[in-house]
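Database features, via TrEMBL:
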{"type": "TRANSMEM", "residues": "74-95", "note": "transmembrane segment"}
{"type": "TRANSMEM", "residues": "101-122", "note": "transmembrane segment"}
{"type": "TRANSMEM", "residues": "209-228", "note": "transmembrane segment"}
{"type": "TRANSMEM", "residues": "248-271", "note": "transmembrane segment"}
{"type": "TRANSMEM", "residues": "291-312", "note": "transmembrane segment"}
{"type": "TRANSMEM", "residues": "343-362", "note": "transmembrane segment"}
{"type": "TRANSMEM", "residues": "374-395", "note": "transmembrane segment"}
{"type": "TRANSMEM", "residues": "419-438", "note": "transmembrane segment"}
Amino acid sequence: MGLLTMAVSIKSLRPTCNSETCGYATPSQVAFFYASLYVMAVGAGGTKPNISTFGADQFDDFDRHERKLKASFFNWWMFSSFFGALIATLGLVYVQENVSWGVGYGIPTTGLVVSLLIFYAGAPNYRHKARKAESPAREIVKVWTTAFANRRFELPDDPVELFELEPRHYLLTGKRRLHHSSSFRFLDRAAIKEGAYPCTVTQVQEAKLVAGMTLIWFATLVPSIIAAQVNTLFVKQGTTLDRQLGQAFRIPAASLGSFITISMLLAVPFYDRYFVPFMRRRTGNPRGITILQRLGVGFGFQVLDALVAYAVELRRMHVIRKRAVAVPGDTVPMSIFWLLPQYVLLGVGDVFNAIGLLEFFYDQSPESMQSLGTTFFTSSIGVGNFLNSLLVTVVDRVTRAGGGKSWIGNNLNDSHLDYYYAFLMAISAINLALFLWASSEYEYKEEALEVTEAKVVCVQMEGMLVDSPPASSEGRVRQ
């Protein structure tokens, strides 16, 4: 952010401009600007996959009160993120366009410096999880390779016959033992005792967790494609509509995206303070509903959003035919606020979808790979954006082939965007059905009692807080 602020503030690092136009940037200016962006991307790669995970790690899973608070953590973490995004889109954008880009970038840069100071000041008080494995990823690979090597061995009917260490080992090491599950049964071959260097049931279960998370990750790609419409076709659609508000103000088409943030900011407190307690009394689940149920509701909102977008586009096409608006650049006599419902639905859906995904990938990750869970979440957004660009290109070329009319032409007033929205609605409905099937087969992570009910004592060791086995006087475990 410091480099970006310099790029727009120092005269030698930006193009020369007069009151009307700006000259071309020199190669060195372009290089400095893109270097700034890539440095920021590297920094985001360090914070985005870890910051929410590290925040959740501050809650003690063995304390009933803190475990209950942790159930709300991701709701409020996402709330604060979206609140910051709202300030950026409404406040900082205004400062950048009406004051200066230097001030507009300087404000968040200063904010980051203050945040960094607060982070370092709090560092001695943070909880740090002990590293329980040298290379968690290597253990996952070992399970797959061992299962393949043992493919000729016959699996025992009783999973108790599979290789597992004594519970005492897990108490002494502080690692959590996982119960056997019936999913991905072929991986159980890695724990066959007759094989060379067998893996433990817990190691196999961790590999199963990653495999199950990967299947759910594929189900998140279509919702990510729907969400990508906010910055693409929704905006392009809005530019064709009447954006005049009063005599002097014209609404920027992209500004409607702030209603996603606003609707989410309003929905999160309602969800956390009213919906969760209401459902908790009926289901007994601390979260109110299970994480996969939450995701299913979120995916349902995506289908509904595509349906509403389709209906609004049908209305827009009707007005175009009625008023004979077909010339590129002509304004369709229809208010841009017709698009508002599809933005609001996306915001409310994100309370179930986006926050649910973040919580699911964190909660279901192997203990030593929980930052991987956040990476699953962020990568689904990125891959969804790439797939959206690919889908738009393919649909445009296919529908244009043979002299046909493109569904997504440069002139939306003479295209068939309604067909494209109907297509998105269809694939969203199919994706929801596949997700419901996958979630019905999914088995949640289940930890052994002797670990989850053990009292964990934290000790200071080499400047880090690590999990320690309980003292003999406090180490009685329910058998």
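Using N, Cα and C of the backbone, Cβ positions are placed for all residues, glycine too.
Automatic, uncurated: that is what TrEMBL annotation is.
Taking every listed stretch (291-312, 374-395, 419-438) in turn, the largest tally of C-beta pairs under 8 A with the transmembrane segment (343-362) is reached by 291-312.
Between the transmembrane segment (74-95) and the transmembrane segment (209-228) there are fewer than 3 Cβ pairs closer than 8 Å, counting only pairs 6 or more residues apart in sequence, which means the two stretches are not in contact. Outside the transmembrane segment (374-395), and at least 6 residues removed from its termini, the chain residues within Cβ reach (under 8 Å) are 48-50, 52-53, 213-214, 217, 220-225, 227-229, 232-233, 357-358, 361-362, 407-408, 420, 423.
For the transmembrane segment (209-228), the neighbouring stretch richest in Cβ pairs under 8 Å, chosen from 101-122, 248-271, 291-312, is 291-312.
Long-range contacts of the transmembrane segment (248-271) within the same chain, counting only residues at least 6 positions beyond its ends with a Cβ under 8 Å from a Cβ of the stretch, are 75-76, 78-79, 82-83, 85-86, 89-90, 230-231, 234-236, 238-239, 241, 336, 339-340, 343-344, 346-348, 350-352, 355.
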